[in-house]
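Lifted from Swiss-Prot, the feature list:
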CARBOHYD  82  N-linked glycosylation site
MOD_RES   165  omega-N-methylated arginine
MOD_RES   170  omega-N-methylated arginine
TOPO_DOM  201-212  topological domain 'Cytoplasmic'
MOTIF     205-212  motif 'COPI vesicle coat-binding'
């Protein structure tokens, strides 16, 4: 029985890995003047979890940064200053682009660029499956099925989001095309009116000069 469960578990793990978002650490090189940002377009009601760590090549100088995470409409979700590492977590309230910016603190980096390692997770990848397994008292294949169910649900929600975005973009495109058509008609009408006025003016001018 155990021999049959092992291949099944491996297969489920492979399916979850292929369906789930790939979570890799992002490396940013922050200039000693200015800031560097990372962003991701996320739909609403999605869990976001991220850890960040400043990496310095010189052990004598350990730079600090100011961190600000904002929602699509500018709401500040996380803000820290003079820090070398930290974590932020939130559940998105609206769909759009979420932005995390890192700015070097003055006189803490020796006027040299440095790097930041960011482990950014969203959706099913941000869930604490160990806690879920302990809470629901599940393990093995049952836990893998739970992960697979979450992955399928996340993909389904993402497809719905993409379909809604496509519908919104189509409406915007149709409105834009309609406005361009009206603008073209108005431009053509103005050109015709201006041409008629010019002809009328020239006719009156030549009649006044008795040229015609």
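Glycine residues also receive a Cβ, built from the backbone N, Cα and C atoms like all the rest.
Known features from Swiss-Prot, placed on the structure.
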residue: 82; record: N-linked glycosylation site; DSSP class: strand
residue: 165; record: omega-N-methylated arginine; DSSP class: helix
residue: 170; record: omega-N-methylated arginine; DSSP class: helix
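It is 170, among the modified residues 165, 170, whose Cβ has the fewest other Cβ atoms within 10 Å in the structure shown.
Just so you know, the Cβ of the residue listed as 'N-linked glycosylation site' picks up 9 other Cβ atoms within 10 Å once every protein chain is counted. For the topological domain 'Cytoplasmic' (201-212), residue counts in helix, strand and coil come to 8 helix, 0 strand, 4 coil, using DSSP.
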